[in-house]
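The block underneath contains the structure these notes are about, expressed in structure tokens.
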Amino acid sequence: MTNSQTSIRRNRPGIKAKDWCNWPDESLENMDSLFHIQQYIQQAIRRNPSDIDFILQVPEQQDEGVWKYEHLRQFCLELNDLTVYLQKECLPDTCSQMTATEQWIFLCAAHKNPKECPAIDYTRHTLDGAASLLNSNKYFPSRISIKDTSIAKLGSVCRRIYRIFSHAYYHHRTLYDEFEERTHLCRRFTVFALRYGLIPKDNLIVPINGVNQDVSTIMQQQSSPIKTNSFTSLKNGSSPPSSSSSLESDA
């Protein structure tokens, strides 16, 4: 006889929003899914999205490379929600370039020759490129064990998707604040990137209280000349070089 107390961990067709993923927490040891790390991370986020330390705390005996990989997949999933939210006002006519502060214009590498793209298109292309790399059988054939050479590709993904946060913060502050208050996604990403050294601290230009650089440093960066920057496609997993002069493309 089936135990009536057993939870069915599945969202049925027609389920109400209030009941979505509404089941008791389960320990990592009891999760028998092939994607148990993703399941565990998503459970921690639903439990309390503001508890960043708990969400990012590596379980005992968990492979750190797989842990970083699964978190980055989750960030990309949630950034799709932010992208949809930004579509309210991030339009090709109003945001014809992908910029954050006045210092940088980012060129989109999704094209044969990197070029300027409206910010919303750049955002979509970047998330598509990240998904392509993270789902690549060449670099990530398994989600149970990942080679160090493949883990090294994660930094380039982090640097590119971070621009979505920075554009939202500097150009769509109201929407950014509303989304961040609900999800704490940029705070979590910033702590994650710093904890694993995936993005240099000086490049984290969205000020997060108690986490990264202060606002005075941000304002100092804004006063610098505009630079253009384009990087090779994420599909080859390459890391972006650093730019050294104004009005220079280092594609």
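Placed from the backbone N, Cα and C atoms, the Cβ positions cover glycine too.
TrEMBL annotations:
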| type | residues | note |
| --- | --- | --- |
| BINDING | Cys90, Cys95, His167, His172 | Zn(2+) binding site |
| COMPBIAS | 228-237 | compositional bias 'Polar residues' |
| REGION | 228-251 | region 'Disordered' |
| COMPBIAS | 238-251 | compositional bias 'Low complexity' |
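The structure, with features from TrEMBL marked on it.
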residue: Cys90; record: Zn(2+) binding site; Cβ within 10 Å: 20
residue: Cys95; record: Zn(2+) binding site; Cβ within 10 Å: 20
residue: His167; record: Zn(2+) binding site; Cβ within 10 Å: 25
residue: His172; record: Zn(2+) binding site; Cβ within 10 Å: 21
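Sitting within 8 Å of the Cβ centre of Cys90, Cys95, His167, His172, and not among those site residues for Zn(2+), are the Cβ atoms of Leu86, Glu89, Thr94, Ala119, Ile120, Thr123, Ala168, His171. The DSSP secondary structure for Cys90 (Zn(2+) binding site) is coil.
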